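As structure tokens, the structure follows; a few thoughts come after it.
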Amino acid sequence: MNKIKKYYIIIPMITAILSLIVMVATSYNTKSVNKSYSMFTDDLNSNNISTVVVDSSPKMTVTLNNGDKYSTDNPHTDTLKEKLLLNGIDVKDETNPPLTKTIPASIFVLSLVTLGAMLISKARGGASSVTSMEMQDFSKNKKDALNFNAVAGNEEAKESLMDIVDFLKNPEKYQKYGARMPKGVILYGDPGTGKTLLAKAVAGEAGVPFYALSGSDFVQVYVGVGAARVRNLFKKAKSHGKAVIFIDEIDAIGKARSNGKNGSSNDEKDQTLNALLTEMSGFGQEEGIIVIAATNRLDMLDKALLRPGRFDRHIQVALPDVNAREKILSLHLKNKPHENIDIKDIAKKTIYFSGAKLESLINESAILAAKDNSNSITSAHIESAYSITLAGHEKKERSYLKDEDKLLTSYHEAGHGLVSMLLLPKDKVSKITIIPTTNGAGGYTLTIPEDKNYHRIDYLKNKIKVSLGGRAAEEIIFGKDKVSTGAEGDISQTTDIALKMITEYGMGETLGLIKLSSVGSLYSSYGNPVIDECKKLVDQLYEETLELLRENRDSLDKIALELLEKESLYEDELNKLAI
Ligand code: ADP
Ligand code: ZN
């Protein structure tokens, strides 16, 4: 609710109080002593009365010649009025209440109703006025517009978003070719990695207005309010023609519905989600509106959101690696006085820091420099700020442990990467990184598998070996009693492939060309021999993987140590190291 509206609420309050005062005052005025009817007839007979006010009430008001007032019983006889008039007494017949009473009374009631209505709409958060909506019109103030230069690192995300910028600039171009551009994009990754910044930069680059709202703003106590807010948001954006609509924390409305724990609030969530989907299918390609949503966890989202025509483009925004950290640090130092700072060194020490955390590190240093009245930020300020930031985020002794973790992750990922490059050269390893992802993996190896309709048995065996490569590398370097839980995902993938080979693809001995799931009730009696065969296959493949890595120990070391240094390695760097 904006400021003016906030003050409006005072108006009915004032009118209610004023009308109440008037009502009390007038009724106080007319209040008078009560006298018996016989005393009234005495006054009547002695000609003491000047006026009598008669209305439909059981009392009438009598005013004497000396100005005194009193009330007495109204006999409700027809003759009374005539008798009074004959005695020269002024008779006021007020069977309808005077305006002096009805006006304040009706104002009072009206004020209360208005006040009540205002309070209810305020409690509902003012469905029509979206509270915390942020709007920046980059189509007008082009100078302040953020662009991709404000986002350091995140090169892959920026590249994907470039298409969207071009689409926003010339939607007609894509329409001409009949290309379907995405209506919705999901940016996913850890908090503080620059998702909001990227969305804003898209609007800035394209020169269109940027509307932002957080998913949690949509979910309210009252059912229907969230949906109304969604419609309002889209209405506002559409009124501008082209626009970027940014919805932060989309999981607040789009979380998968499977575990109906939240009971009643689900109703509201569903309505809001449905309104969002309806709005998204409601605008056409040519309109140039793009909805960008952000979340920490892509895997938590309702599948309905991810279907084609909705949020069908998913872009990962990862924690920065050492290179990206250096760029982010430089960017945030750029407009601050500083001297003799070894940015490369800080970048090395800040593994697992998000962009936001790096920004706060620089900010903290600037505050320290200001406190010192120093001319510029020095490395001493950054050192202190670093300790403050670390102390705030994690225990100090962990930073040593982290180094060993880093080494283990480096060897684990190098193991996957190297086995893949040696055995499956057609599946390109495009990236290896030891920067963790939000779904809990310590690092990951990204391969682009060759596109094929079917796979041969040797391919599947090699695929298993790639999966086992991580654990095998850990065992070779750190010993069998030092292996980690980092291989959990790999092991489940290995089991899946091996089981399918034996029970579905007809590649095993126990079942031969029989498909286990078609055997039905006999299933259980085949269970154990199948597992035995699975284990034998995987054990065998694991031994072969160990051997392969031992033979290529040099390359394994090179990749792992380079990975430790650079944190991420890309295809061409890897190709050089593997030979
Ligand atoms: P998210 O939306 O992913 O939680 P934000 O975009 O809100 O993160 O980032 C918060 C702040 O952190 C930004 O305003 C910016 O100052 C800083 N920041 C984060 N990532 C970057 C980056 N890649 N480059 C420059 N600054 C960044
Ligand atoms: Zn692994």
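For all residues, glycine too, the Cβ spot is worked out from N, Cα and C.
TrEMBL has this to say about the protein:
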type     : residues                                                       : note
TRANSMEM : 7-28                                                           : transmembrane segment
DOMAIN   : 181-321                                                        : domain 'AAA+ ATPase'
BINDING  : Gly189, Asp190, Pro191, Gly192, Thr193, Gly194, Lys195, Thr196 : ATP binding site
BINDING  : His412, His416, Asp490                                         : Zn(2+) binding site
ACT_SITE : Glu413                                                         : active site
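Here the features listed in TrEMBL are placed on the structure.
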{"residue": "Asp190", "record": "ATP binding site", "CB count, 10 Å": "21"}
{"residue": "Pro191", "record": "ATP binding site", "CB count, 10 Å": "12"}
{"residue": "Gly192", "record": "ATP binding site", "CB count, 10 Å": "18"}
{"residue": "Thr193", "record": "ATP binding site", "CB count, 10 Å": "27"}
{"residue": "Gly194", "record": "ATP binding site", "CB count, 10 Å": "28"}
{"residue": "Lys195", "record": "ATP binding site", "CB count, 10 Å": "27"}
{"residue": "Thr196", "record": "ATP binding site", "CB count, 10 Å": "19"}
{"residue": "Glu413", "record": "active site", "CB count, 10 Å": "27"}
{"residue": "His416", "record": "Zn(2+) binding site", "CB count, 10 Å": "26"}
{"residue": "Asp490", "record": "Zn(2+) binding site", "CB count, 10 Å": "21"}
Remark   = Of Gly189, Gly192, Thr193, Gly194, Lys195, Glu413, the recorded positions whose C-beta sits under 6 angstroms from any atom of ligand 2 are none
Candidates near ligand 1 among the binding-site residues Asp190, Pro191, Thr193, Thr196, His416, judged by a Cβ under 6 angstroms = Pro191, Thr193, Thr196
Query = So, in DSSP terms, is His412 (Zn(2+) binding site) helix, strand, or coil?
reply = helix
Query = Around the Zn(2+) site (His412, His416, Asp490), what further same-chain residues have their C-beta within 8 angstroms of the site's C-beta centre?
reply = Glu413, Gly415, Thr445, Ser467, Leu468, Gly469, Gly470, Arg471, Ala473, Gly486, Ala487
Query = If you take the centroid of the Cβ atoms of Gly189, Asp190, Pro191, Gly192, Thr193, Gly194, Lys195, Thr196, the listed ATP site, which other residues of that chain have their Cβ within 8 Å of it?
reply = Leu187, Ala294, Val317, Ser354, Gly355, Ala356
Ask   = Tell me, what is the mean pLDDT of the domain 'AAA+ ATPase' (181-321)?
value = 83
